[in-house]
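*Asks:* Pulled from Swiss-Prot, these are the listed features:
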- SER21, LYS45, GLY46, ASN99, ASN127, LYS165, ILE191, GLY217, GLY243, GLY244, GLY265, THR266: FMN binding site (BINDING)
- LYS45, ASN69, ALA70, VAL71, GLY72, LEU73, ASN127, ASN192, THR193: substrate binding site (BINDING)
- CYS130: active site, nucleophile (ACT_SITE)
Amino acid sequence: MADLSVNIGDLKLCNPVMTASGTFGYGKEFEDFVDLEKIGGIIVKGTTLHHREGNPYPRMAETPMGMLNAVGLQNKGVDYFVEHIYPQIRDIHTNMIVNVSGSAVEDYVKTAEIINDLDHIPAIELNISCPNVKQGGMAFGVSACGCSEVVKAVRNVYKKTLIVKLSPNVTDITEIARAAEASGADSVSLINTLLGMAVDAEKRRPVLSTITGGMSGAAVKPIALRMVWQVAKAVNIPVIGLGGIMGWKDAVEFMLAGATAIQIGTANFIDPAITVKVSEGINDYLERHGYTSVKDIIGALEV
């Protein structure tokens with residue numbers, strides 16, 4: 001068997017396959033379907049400083065080769081997570097990573113400070129696609145300045161591995177990635193969902209209550225792959241690739257394009273055991289091509 005281990009900052013993953021936030025609950029929900037310890041890292045549901053109800057229904061819609069979601073970061077807040085969720089997941093022997101969201105820089109900072117004290121959470125992933133309510137609702141992640149502001153503030157209080165999740169809804173994602181790196185990020189993950197919309201022609205109304213939502217699934221893969229390739233060339237920190245990964249071949253393509261690790265999202269809804277199948281598929285690919293380590297294929301695309 002090939003060596004599948006990779007490093008993301010101070011984080012060591014047994015293999016490069018992770019779960020994307022919002023598609024795998026808190027991990028425990030899937031333990032009857034898959035051996036959680038065979039997953040490189042589990043990124044749990046998005047967590048905010050305070051309780052959030054989420055958006056009204058309908059907030060999910062099927063699209064050709066994908067889906068739209070507008071769940072709205074529904075969660076019970078970080079204090080609830082610490083008191084009720086953390087005790088249930090601290091015994092899972094893999095990297096448990098918390099996705100952190102906020103509507104103001106102070107929200108991110110306070111949430112990160114609280115999570116920093118949890119021994120069995122070795123990393124956080126900042127979702128900077130959230131709107132900044134103090135700046136007219138523009139998402140932090142659509143400008144280098146907005147990205148720098150929140151990443152620097154969190155870096156000042158968070159002492160473990162810091163991953164920054166980038167929005168694809170920008171003109172030049174490399175500019176945002178470089179800003180994250182310069183502000184102290186240990187890694188960047190991309191892409192978050194693409195802004196999309198669905199219409200019910202018979203009712204002449206939007207399908208989603210919020211009109212627009214985040215698009216994910218196989219249809220977004222070419223865009224995600226292109227952005228991962230661009231960012232991997234632009235920064236010197238590990239890149240985590242996601243967006244439309246439905247099987248092992250997709251994962252290998254992302255790694256050839258420069259991703260050190262990958263995340264699986266929408267595919268978890270189709271096959272709860274897809275993560276382990278993908279890691280096994282990567283191993284088979286390495287052995288067929290004579291590689292002894294997965295590191296040998298990172299950025300090995302010949303152009």
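For all residues, glycine too, the Cβ spot is worked out from N, Cα and C.
How buried are the listed features, and what sits near them?
*Replies:* There are 25 other Cβ atoms within 10 Å of the Cβ belonging to GLY265 (FMN binding site).
Within its own chain, THR193 (substrate binding site) has ASN69, SER129, PRO168, GLY213, GLY214, MET215, SER216, VAL220 as residues 6 or more apart in sequence whose C-beta sits under 8 angstroms from its own. Under the DSSP three-state reduction, THR193 (substrate binding site) is assigned to coil, being neither helix nor strand.
Under a cutoff of 8 A between CB atoms, and with a sequence separation of 6+ in the same chain, the neighbours of CYS130 (active site, nucleophile) are LEU73, SER101, GLY102, SER103, ALA139, PHE140, GLY141. In the three-state DSSP classification, CYS130 (active site, nucleophile) falls within coil.
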*Asks:* List the residues of the same chain that sit at least 6 positions away from LYS45 (substrate binding site) in sequence and have their Cβ under 8 Å from its Cβ, in sequence order, or write 'none'.
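*Replies:* The list for LYS45 (substrate binding site) reads SER21, GLY22, GLY25, TYR26, ASN75, ASN99, given in order along the sequence.
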*Asks:* How many whole Å apart are the CA atoms of GLY46 (FMN binding site) and GLY72 (substrate binding site)?
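*Replies:* With distance taken Cα to Cα, GLY72 (substrate binding site) is 10 Å from GLY46 (FMN binding site).
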*Asks:* Name the residue among the binding-site residues ALA70, ILE191 whose Cβ has the smallest number of other Cβ atoms within 10 Å.
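*Replies:* ALA70, out of the binding-site residues ALA70, ILE191, has the fewest neighbouring Cβ atoms within 10 Å.
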*Asks:* Using all protein chains in view, find how many other C-beta atoms are within 10 Å of the C-beta of ASN127 (FMN binding site).
*Replies:* 26
*Asks:* Taking the residues LYS45, ASN69, ALA70, VAL71, GLY72, LEU73, ASN127, ASN192, THR193 listed for substrate, what is the greatest CA to CA distance in Å, to the nearest whole number?
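*Replies:* Pairwise Cα check on LYS45, ASN69, ALA70, VAL71, GLY72, LEU73, ASN127, ASN192, THR193 gives a maximum of 16 Å.
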*Asks:* So among the binding-site residues GLY46, GLY72, GLY243, who's got the most Cβ atoms within 10 Å?
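*Replies:* For the binding-site residues GLY46, GLY72, GLY243, the Cβ with the most other Cβ atoms within 10 Å is GLY243.
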*Asks:* Please list, in sequence order, every residue of the chain apart from LYS45, ASN69, ALA70, VAL71, GLY72, LEU73, ASN127, ASN192, THR193 whose Cβ lies within 8 Å of the Cβ centroid of the substrate site.
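*Replies:* For the substrate site, the extra neighbours are GLY22, GLY46, GLY214.
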